[in-house]
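Pulled from Swiss-Prot:
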type	residues	note
DOMAIN	5-52	domain 'F-box'
REGION	88-125	region 'Disordered'
REPEAT	53-79	repeat 'LRR 1'
REPEAT	150-175	repeat 'LRR 3'
REPEAT	256-277	repeat 'LRR 7'
REPEAT	278-303	repeat 'LRR 8'
REPEAT	304-329	repeat 'LRR 9'
REPEAT	356-381	repeat 'LRR 11'
REPEAT	382-407	repeat 'LRR 12'
REPEAT	434-459	repeat 'LRR 14'
REPEAT	460-484	repeat 'LRR 15'
REPEAT	485-510	repeat 'LRR 16'
REPEAT	537-562	repeat 'LRR 18'
REPEAT	563-588	repeat 'LRR 19'
Amino acid sequence: MRGHDRINNCLPEELILEIFRRLESKPNRDACSLVCKRWLSLERFSRTTLRIGASFSPDDFISLLSRRFLYITSIHVDERISVSLPSLSPSPKRKRGRDSSSPSSSKRKKLTDKTHSGAENVESSSLTDTGLTALANGFPRIENLSLIWCPNVSSVGLCSLAQKCTSLKSLDLQGCYVGDQGLAAVGKFCKQLEELNLRFCEGLTDVGVIDLVVGCSKSLKSIGVAASAKITDLSLEAVGSHCKLLEVLYLDSEYIHDKGLIAVAQGCHRLKNLKLQCVSVTDVAFAAVGELCTSLERLALYSFQHFTDKGMRAIGKGSKKLKDLTLSDCYFVSCKGLEAIAHGCKELERVEINGCHNIGTRGIEAIGKSCPRLKELALLYCQRIGNSALQEIGKGCKSLEILHLVDCSGIGDIAMCSIAKGCRNLKKLHIRRCYEIGNKGIISIGKHCKSLTELSLRFCDKVGNKALIAIGKGCSLQQLNVSGCNQISDAGITAIARGCPQLTHLDISVLQNIGDMPLAELGEGCPMLKDLVLSHCHHITDNGLNHLVQKCKLLETCHMVYCPGITSAGVATVVSSCPHIKKVLIEKWKVTERTTRRAGSVISYLCMDL
């Protein structure tokens, strides 16, 4: 009977709350909260996480949220993310006039004036100590708090937060100009703190860090510091002396030397994850790390000027549990150092070599011979690595699932055939500007790697239609990027459309020989397509788009700049036919006023003024 909701009235509140708990995405929870007023009132009890971007008057916004959501344990404030507000100006067309002196008009005028004055004041769109105090009062049970680039938060607000939110376990202050007093308060009151991020906190010194470390010594497990000139070895010495449970350490600083890292190695024997960009640290410190940090599982080193094969040998000798190794721009590490790691750390599962110009074929061969558990390999800007390196990977690393190759001019089809035949569990293959890789290697991948779901072949000039035909026959791809592969034409993309019905992401930008026919095939064969990049495709027209969107109703993003065959009619077709569309990248002159009114929020314009 109309007006009577018999089923909903019989549902207990516990069951409705359980429904909300099982909904993972925020849009789904929002949709279910609109079932009725009862569901809307109950939905707030299921929320445990809030994410807030830069918006007008965030201090007031925090107060409003605290009154609605009562069980929040995680709050993420990121002021790098802007939140656009709906326009408060009156609509130009009105069916019924209103007196400008009416109460509602007066309220609207005040709100508009307040908005415009706030736009002139930078602080109005930034969280301040007042808002942080409101957050502390409204969410005293919070456990995880991220304040990313909140420049108007100071020690005053942080002190208030620390006193109220004593259950805090994770605190991220990246880019906040807080001082030592606030950090000391966190150390005094937040005795359960486990994770702390102090990246780009320029107002901090050793004094505040030491106070926090001493106060949270029994709980602290993770510390991150970057670009803080006044945080030195003294802070690390305190960490080594007090934080016996420390497992994760991220350091990016030219003011940290061997003394500080040695102190950490001597005191923090549970250290598992070490990520460093410290130009002043030398092999001496890594000798201590290798000898004392026997639980180390992840090591990432960036732009080291005094780290050599000697340090690598120390790690290989002592850190037998190492599973993840990243070396980026470490110019003084050679094949000998990587061989020492391979021989000593046989549990390696992931290796990334980026711009280390002295590492060549022999180092990667050693990984292939000694590390059978390897699952991911990334070789970026490695000009001295040749085919035989990946031949050894194919022979010895049968569990390899992910392979990244960027600007590796010495790797060609011989290497890819070896990978295809030996690493049949390969799931992701990303190749960019490897000009010796062509059809033969990719055909072999399609023939042998049946589990492949992601394939990226960007600017690989020798890859053509035959390669994609083999992939379409052998693999059920979900993501494909062939941007800049100029030998690929309609036949290759058609083969993918017919052979990969699970495809969700496709990038065919900068392909000069692609026309409308593949888009029609994609519409018929790939109904799950969500992301499409067509930019710089000169032969695609509105007709192709029309065929595509008739069946691809899940499309969320479409990039189509520099496509002369696409007009304002094609843009209108995309935004009107795809109910889930979130972003369309196009030249501004191709968007009509009607399309702007209908879907202005999803249109992104190519910047032409650069």
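Including glycine, each Cβ sits where the backbone N, Cα and C put it.
Keep in mind that this is a model prediction, so the values were computed, not measured.
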Model confidence over the repeat 'LRR 7' (256-277) (mean pLDDT, whole number): 97
Long-range neighbours of the repeat 'LRR 19' (563-588), counting only residues six or more past its ends (CB under 8 A): 530, 534-542, 545-546, 549-550, 552-557, 594-595, 598-599, 602-606, 608
Within the repeat 'LRR 1' (53-79), residues counted as helix, strand or coil by DSSP: 11 helix, 8 strand, 8 coil
Number of helical, extended and coil residues in the repeat 'LRR 12' (382-407), per DSSP: 10 helix, 5 strand, 11 coil
Three-state composition of the repeat 'LRR 19' (563-588), taking helix and strand from DSSP: 11 helix, 4 strand, 11 coil
